[in-house]
Every structure is written in C-alpha cells, then in structure tokens.
Amino acid sequence: MPVLRNADHPASKATDSIAARYFVAVLGAWAAEAATYPFDLTKTRLQIQSEVAAAKHGYKLENHGMIKTAVGIAKQEGVLKLWTGLMPMFQRHAIYSGSRLIFYEYFRSYFKDEKGKVSLGAASVGGLAAGSLAQLIASPTDLVKVQMQAEGRRLLQGKPPRFSNCRQVYLMLYTEGGIRGFWRGAVPNVQRAALVNMGDLAAYDFTKQYLIREFGFADTALVHGAAAFSAGFVAAVMGTPADVLKTRLMNQPVGPDGRGTLYRGMIDCLQQSVRNEGILSLYKGFLPLWMRLGPWALINWIAFENIMLAIGGHTF
C-alpha cells in the first residue's frame with residue numbers, strides 16, 4: 001500500500017512501514033484522548049439531557065450549559081467520572097485512528113497529480129472515505145463508550161446500575177441484540193466520522209501543505225499547530241449534527257426485539273429532534289465538541305509528527 005511522503009530525507013523501511021505509521025497514529029490518538037476526554041463526556045450529556053422522547057418516560061427536562069454540566073458531573077458523581085468510558089475509547093482508537101490514517105494516505109497517493117499535489121476536493125473525498133471505513137470497523141467500541149457515558153445520568157435518576165465495567169457493557173449489548181446489536185447507531189456514526197475526517201484529515205493535510213507550498217514555511221510544530229486548529233474547527237462544524245443523532249440513537253433503550261424504543265432510525269431521530277427541540281438541537285454540544293476536537297487535533301498531530309521524526313520516519 002503506497003504512502004504519500006512529505007519529507008525529503010530517507011526513512012528506514014521499518015520506521016516508515018504501514019505498521020509503524022499505524023502504531024504511531026494510535027499513540028498520538030491515545031495521548032489526545034486522555035487529555036480531552038472530559039469534553040467528550042460533557043458533550044454526550046448535553047446531547048441527551050433535553051431529549052423530549054426521554055421526557056415522555058418521566059425524565060425531567062434540563063437546559064444546562066457546558067460548564068454547568070461538567071461541574072455538575074464532578075460534584076454529583078466525582079471528578080474521575082469525567083473520564084468514564086475512556087477504556088472503550090482507547091479500544092476504538094486502536095482500530096479507528098490507525099486505520100483512518102492508512103486508508104487516507106492510500107487514497108491521497110492515488111489522487112495526487114503529476115506534481116505530487118492533492119486538491120482540496122480530492123483530499124475531502126479521501127477523508128470521507130477513510131473516516132467511513134475506519135468508523136464502520138470501530139463502531140461497536142463507540143457504542144460501548146456512549147452507554148458508559150450516559151450511565152451516570154441514569155443512576156442520578158434513581159435507576160439501577162446496568163454494568164460496572166467495560167466488559168459487562170459488551171456482554172449487555174450482545175444479550176440485547178446479538179452481534180448485529182453492536183452496530184446500533186452505526187449509520188449516523190459512520191456519517192459523523194466521514195464528516196469529521198473531512199475536517200480533520202483533509203483540512204489538516206490541505207492547510208499544512210498550503211502553508212508549506214505557498215508561504216515557504218518549514219514542516220515544523222508551528223505549521224502543525226495552525227493546520228490542527230483549522231482541522232478541529234472544520235471537523236466540529238461538519239460533524240456535530242451527525243454526532244447528536246449518533247449519540248441519541250446509541251443511548252436509547254432497547255426492546256425485546258433488539259431495536260431502539262424511542263426512534264425508528266436516523267431519519268426519525270432527526271425529525272423528532274428538529275420538531276420537538278428546533279433545528280439548533282442538532283448543534284447541542286457544539287462548544288465542548290469544538291473545545292475537544294481543537295486540542296485533540298493539536299495534541300494528536302503534533303504527537304504523530306514528532307514521533308515519526310524521532311524514529312526517522314516521514315511526517316504526514
């Protein structure tokens with residue numbers, strides 16, 4: 001599988017292999033995830049706190065902001081609860097982050113012109129495809145994460161605990177819906193990943209190459225930081241609506257037939273959300289998502305680029 005290389009210096013076959021780049025991509029994602037995960041949990045709580053569908057089952061409607069939600073979790077459940085669900089996220093990135101990078105670099109090498117350049121359109125298509133494929137494979141781990149993130153709110157509502165660790169969540173989901181049940185919410189999840197990666201991968205790649213090519217900047221941390229900031233913002237704008245739908249579909253109760261009891265599918269979830277809460281409901285959690293994706297992209301890409309340089313490999 002070819003890799004589009006941006007550095008001129010030679011790299012050893014081992015340090016610049018697909019396996020090495022995959023592993024370094026996972027390391028970078030783990031570092032970024034550990035640092036920014038509380039924003040993800042807060043975002044998930046914001047997205048489900050005002051579900052009118054849930055209110056029909058006797059839940060109290062809430063309208064808290066990001067800071068109040070985060071502080072409430074820390075006070076009522078404990079500070080460490082802000083990292084609830086981190087383990088399945090590590091599992092997700094062990095599959096997702098390595099796969100998306102390798103897929104994208106393959107697509108990028110395929111779309112490059114005779115001068116080695118890749119257009120923004122081609123990069124966007126590559127990001128969409130890479131994100132979709134990687135997320136489709138890793139979707140079960142995302143479902144486990146959402147279930148663990150939402151559990152604290154259920155407990156505060158006086159409901160009995162359903163599980164105490166990651167392994168029990170996998171078992172619960174398998175019992176409810178079998179193997180197929182692990183891909184509940186996979187469609188909006190894949191759509192979200194496609195849009196986010198069009199921002200993260202494509203925007204980062206295009207911005208970085210543009211700064212280097214048009215302004216003569218060196219391939220340094222300054223360029224990496226500027227490209228990562230651009231990537232995080234575009235990813236948040238593109239991905240928040242699909243992220244809201246994904247979270248609600250994954251968080252809904254499941255009936256005896258293994259199907260969700262609140263929404264018939266993605267379109268129904270979209271219609272209920274907009275009809276009952278307005279179009280802006282699709283951007284619930286945008287601020288914590290952006291505040292997460294911005295630093296996440298910064299930490300992830302700087303870690304990846306510097307580790308690759310340290311081991312003698314090529315940068316992204």
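Any Cβ shown, glycine's included, is placed from N, Cα and C.
Caution: TrEMBL annotation is automatic and unverified by curators.
Straight from TrEMBL, the features:
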- 20-110: repeat 'Solcar' (REPEAT)
- 118-210: repeat 'Solcar' (REPEAT)
- 219-310: repeat 'Solcar' (REPEAT)
Please list, for the repeat 'Solcar' (20-110), how many residues fall into helix, strand and coil according to DSSP.
76 helix, 0 strand, 15 coil
So what pLDDT does the repeat 'Solcar' (118-210) average out to?
89
Based on DSSP, tally up the residues of the repeat 'Solcar' (219-310) by helix, strand and coil.
73 helix, 2 strand, 17 coil
Reported in the order helix, strand, coil, what are the DSSP residue counts of the repeat 'Solcar' (118-210)?
78 helix, 0 strand, 15 coil
